Structures are given as C-alpha cells and as structure tokens.
Amino acid sequence: MDKGLHFTICVVTTVLLLRESSQAGEEKDPEVLAAPKPDFSRGAGEGLPTLTVTTILEDPYVMVRGAELEGYCMELLAALAGMLRFQYRVKVVGDGQYGAVAAGGNWSGMIGEILRREADIAVAPLTVTSAREEVVSFTTPFLQTGIGILLKKDTTSQDMSFFHFLSPFSKETWTALLFAYLLTCFCLFLVARLSPCEWNEPKNEENHFTFLNSLWFGAGALALQGATPRPQALSVRVIAVVWWLFTLALLAAYIANFTALLSSGSEQLPIQTFEDLVKQRNLEFGTLEGSSTFYYFKNSKNPIHQMIYEYMEKRQEHVLVKTYQEAVQRVMESNYAFIGESISQDLAAARHCNLVRAPEVIGARGFGIATAQASPWTKPLSIAVLKLREAGDLDYLRNKWWESSCVRQSRERWGPLEPPALGGLFLTLGIGLALGVLAALAELSGSSRRAAAHAKKSCCSVFTEEICSRLGIKGTARQSQETSGKANA
C-alpha cells in the first residue's frame, strides 16, 4: 500500500509540473491569444486532447476584445469543442493570409501552417477550393457565400431621373394603361348612347355622357374622386364599377412599387453586374491579395472574368489589398470597388449605410474548417457542423453576428426624400396649372371677341373690362370715379 501511495503521489506531482510548464510556454508565445473557453462543461477537463487552432482577424468572424477573441468562428469553435470534447488554443496566422501557393511552391497563410504542422485545424472564413482541397481536407461548409461587388453609394448612384415617379411602371405598362383608359372612356360614351335608360329621347333630350365627359369621368376614377355625369343605366354602371376596381388595384400596385423604389435605391446603381464593372472607367477595382477570389478569376474561362483578372494582375500593387478592413476603408474613402465574399460584403453594407453590394453574385462557394489530410478530426467535425445546422445553431449565430444598427434604422424609418425623387410630380403640377390658366384665358378671349363684335367695341378693351370685372377691379375703380365726380360737383 505504501509503495502504491508513493507511486500515485509521484504521478500527480509530475502531471502538475507538466501543466505549469505548458501554461508558462503559452504565456511566452506572442502569437497565442486568449480565446473564450467553451461554455459546455464537457469541453474542459483533464485528459481531453488539445488542438492548436489557426485563424485570421476578420469582422465578425474573429475579433479582438480586450485580451480575448470573439466572433462567429469563436462561438462555432466553442460549440464544436463541447460536442467533440476537446480543448483548444487559438493563434492568429502569422502572415495574415488565408492560404495561397507561393512562387517556390510553398503555401502561405493558414493552409501553410496546417501543412507545416504548426496548427491542427483552421477555423476561419476559409473558402473551400479545389487547389486547397488537394493539400488539406475540409469539413462540410458552415457558411455559404459567393463573389460580389462592394460599392459606395455616392460614387455609384446616378442622378435621379426628374420623372422618377414614373419608375414604378415600365413604358409598356404606361402605354397599356393609356390604351385601357381611352378604351374604357369610349365604351362609356358608346353604351350611354345606346342605352335607352341613359338616353331615352335622343331627339329632345341632351346626352350628358359626351366623349369629353366620359374622359373626365375616367380621369376622376383614376384619382379616386367622383366626377359628373353620374351614370343612370345599369350597363353604364357596370362599366364604371369595373373601371373603379381596376383603378383601385392599379393605384395600390403603384404606391407599393413607388414606396419600394424610394426606400431601396438599388435601381440607381449603374454597376449591376461584373460586365458593368469592366466597362466603366471611373472606379478602380480589386480583391484580397492571395485570396481564392483572385484565383477564381485567374482560372475562369469567362471573357469578362479574364478581363477582370488581367486588370488586377497589371495593377496588383495598386488595386490588391492586404486585409478585409483595408478593403472596406478604401471603398469608403476613394473611388474603389472591392470584389470579395458576398456574405462579408452584406455585413459591411449593413454596418456602413453608405455602402451597397451590387445585385450579381457569382461563384457559389462555402466556408469550411481545414484540417490536415488523413486527420482523425475531419469527419467528426463535419458531422458536428451538420448537427449544428440541423439544430438551427448556425442560423442563430448568423443572425446574431450579422445584426447591425444600420439595419435596425432602415426598418424603423425611411430617410427623407430628396427633391429629385418628386421633381417630376411638381413639374407635372406646374404644367397642369399653367394649362388650366391658359385654357381659362382662351375661353375668356373667345367670349370677349363675341361680345366685342356684338357691341362694336375693341376686343382688347372688352377683354380688359372682363378681366377687371371678374377680379373685382372694375367695380372699385368705377365707384371711386363716381365718388370723385360727386365731390367735384
């Protein structure tokens, strides 16, 4: 018993000394940062394997907060550690690269660290590519993404059309609407002429549903306002009711589309696709140096993609950036378009309200966890990722780390409308008012000519008298003349 007790004490002492030396070595390593420990009670304890995890600093995947790392990948790593029962130590990749083949055939970045056995796994926004798959193994992707274009709104937005209020409908729709309006008004006029309930005695009775009155009736329905004449016959009322229902649905669709156009502003981007990016000359564009996006365009057989690669290859010292943060900052401060992962660009557009991602996304791909080839951790990690996806944990992490104040503000209220957005409406109102005044003057001029011919007076004098009379000027002047005449008498 004494020998057994002595042996047990020696073993415990040796284990404690080894743990202290290991902790001291970690404190001296400048590349190792404190990572959040797994929240699961099964994830920590003696006898569990310890994995060295390499990652890269990129918001919101991995971020430094005080003395610890946090972010989407850190919470994913903690969940995996709890499920597979392992401990981990996190180190930031030394060269700040994701992983690409250098000139000598060696791999840089996180891929290179796994190949050199400096890390066991890489948990980061690392894109699964065929070239990387040849040298390392990847788990099932935990995030799906693609390649998009990040732009700044004020450098890409075209001047808003003066007739922006016509944008909710296409030219074909406006043409069809005009045709439907004229056809309906003609049917109203024709049915009112034919129906005996609307026009009983054509020889002795006046038909109020003339073609001009029919046009006025249809226009009033478009504005949701009642207009005379009011239909009497059942046939005319049926056409009127159908036209009212049509205009009600039409106005609802117009208001909905107009509201969406004013709030989104995406239709103002002149750069919608990668082809638009190549054709323009105002913006420089590039991507991350040594990233999978760069090699995607290099290996693509698409002529547009080849043009993009040749542009970046010739100007790589000026258009290629080192980090994602540098790319976002450059887009915000200069005429620069960043080509990169669409999921990261969505986050940048949500957090910086003056940024926007172009609609086109190419090269669907996924982010996976990289391990060494023939590593015993590859399959367990893939199964654990699938379980997290099936349980909805990956969606929860996505919603948590991609939420931003910019998104909340856009949901709460829209920004103020700029004058160009409604300039066409004001112009249309001004033209309508001018036409109304001119029509009134023309009617008054015709009446004045007839009165002048009957009274054998000058047309201009009669016209002036009519204006003064209708505006209340003539009566006041005549009254003052009569008062002054009586005073002189």
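Note that Cβ sites are derived from N, Cα and C of the backbone, with glycine treated the same way.
Features as listed in TrEMBL:
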BINDING   PRO125, THR127, ARG132, SER292, THR293, GLU341  L-glutamate binding site
DISULFID  CYS353-CYS406  disulfide bond
DOMAIN    50-404  domain 'Ionotropic glutamate receptor C-terminal'
DOMAIN    60-116  domain 'Ionotropic glutamate receptor L-glutamate and glycine-binding'
SIGNAL    1-24  signal peptide
SITE      ILE271  site 'Crucial to convey clamshell closure to channel opening'
SITE      LYS298  site 'Interaction with the cone snail toxin Con-ikot-ikot'
SITE      LYS387  site 'Interaction with the cone snail toxin Con-ikot-ikot'
TRANSMEM  174-195  transmembrane segment
TRANSMEM  236-256  transmembrane segment
TRANSMEM  421-442  transmembrane segment
Secondary structure content of the domain 'Ionotropic glutamate receptor L-glutamate and glycine-binding' (60-116), with strand meaning DSSP E or B: 20 helix, 15 strand, 22 coil
L-glutamate site, defined by PRO125, THR127, ARG132, SER292, THR293, GLU341: further same-chain residues with Cβ within 8 Å of the Cβ centre: TYR98, LEU126, VAL128, THR129, THR145, SER291, ARG365, PHE367
Around the Cβ of THR293 (L-glutamate binding site), the count of other Cβ atoms that are within 10 Å: 23
Among ILE271, CYS353, which are recorded positions, the residue with the most C-beta atoms within 10 angstroms of its C-beta: ILE271
Rounded distance in angstrom between the Cα atoms of GLU341 (L-glutamate binding site) and LYS298 (site 'Interaction with the cone snail toxin Con-ikot-ikot'): 16
Among PRO125, THR127, SER292, LYS298, CYS353, which are recorded as recorded positions, the nearest neighbour of ILE271 (site 'Crucial to convey clamshell closure to channel opening') by Cα: CYS353
C-alpha spacing of LYS387 (site 'Interaction with the cone snail toxin Con-ikot-ikot') relative to CYS353 (disulfide bond), in angstrom: 35
Rounded distance in angstrom between the Cα atoms of LYS387 (site 'Interaction with the cone snail toxin Con-ikot-ikot') and PRO125 (L-glutamate binding site): 19
Distance [Cα-Cα, Å, rounded] between ARG132 (L-glutamate binding site) and LYS298 (site 'Interaction with the cone snail toxin Con-ikot-ikot'): 15
Recorded L-glutamate site residues PRO125, THR127, ARG132, SER292, THR293, GLU341, farthest C-alpha pair in Å: 17
